[in-house]
Amino acid sequence: MNQASFFVADKAIFGGYPSWEQVQELQTAGVVWFVDLTEECEKNVVLYHQLVPNWINYPIKDGGTPQNREKFLTFLLAVQILVDGLGPGEKIYLHCRGGHGRSGLVIACFLAMTLNISPKKSLFLVKLYHSQRPNLVNTRWEREWPLNPTQKRFVQKFFGTFLLRSGFEAENTSAYKKSDHVWYFVRINVWLHQNPQLLAVVLNSGLKTIKGEGPVSKILQQLRYYILFSKAKKLVDCCS
């Protein structure tokens, strides 16, 4: 599909809203998860989610940014869980409508979180990956940023002000508290137990770490530890 590009080599793709034919093309290429960032009210969009087995919708207003940062971080974690749980040859496709701003914003935050790099570096990578699409050659998109200024500012500030930080040094650490950190994982734990398929993926991802089959981000490692710790504590409490 010439309107898309990889953001995780051979595993994760981002691009524009797919037509029915492109959905079939993506499935043939190994895509097993579709992540949709569009809203229900958007015009000239042909719904496809009933044609695919696995579909997640996290709507962001066209040209806008996520309104709830905690829910957005939960969503980023869900995307990482899906990518981490992909089998050989399997892929995930994340898209907005045009495949530029909203998807670029999500991928920039995703890369900063999973690779432990600065927002500046993640934005550069998104611009690089975005410019490599065949349909953008010799167009303004080959040179310009896929994100608008508001979306770029969101990425730049997201990790500097949010209570849960990645491995790089955030600009503002005053908002970070241990109690906030624990409370965040409590909420994520509850949410994952409401989504058994994702819960199984995050627990099984521990096998990848043991086998050395690829890096798992610090945040995902901490979450897995918290879930297992809470399960073990319940067993101890029941037996005591």
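Backbone N, Cα and C define each Cβ position, glycine as well.
What Swiss-Prot says about this protein:
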type: ACT_SITE; residues: Cys96; note: active site, phosphocysteine intermediate
type: DOMAIN; residues: 3-151; note: domain 'Tyrosine-protein phosphatase'
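In the three-state DSSP scheme, Cys96 (active site, phosphocysteine intermediate) is classed as coil.
Around the Cβ of the residue listed as 'active site, phosphocysteine intermediate', 26 further Cβ atoms fall within 10 Å across all displayed protein chains. According to DSSP, the domain 'Tyrosine-protein phosphatase' (3-151) comprises 65 helix, 23 strand, 61 coil.
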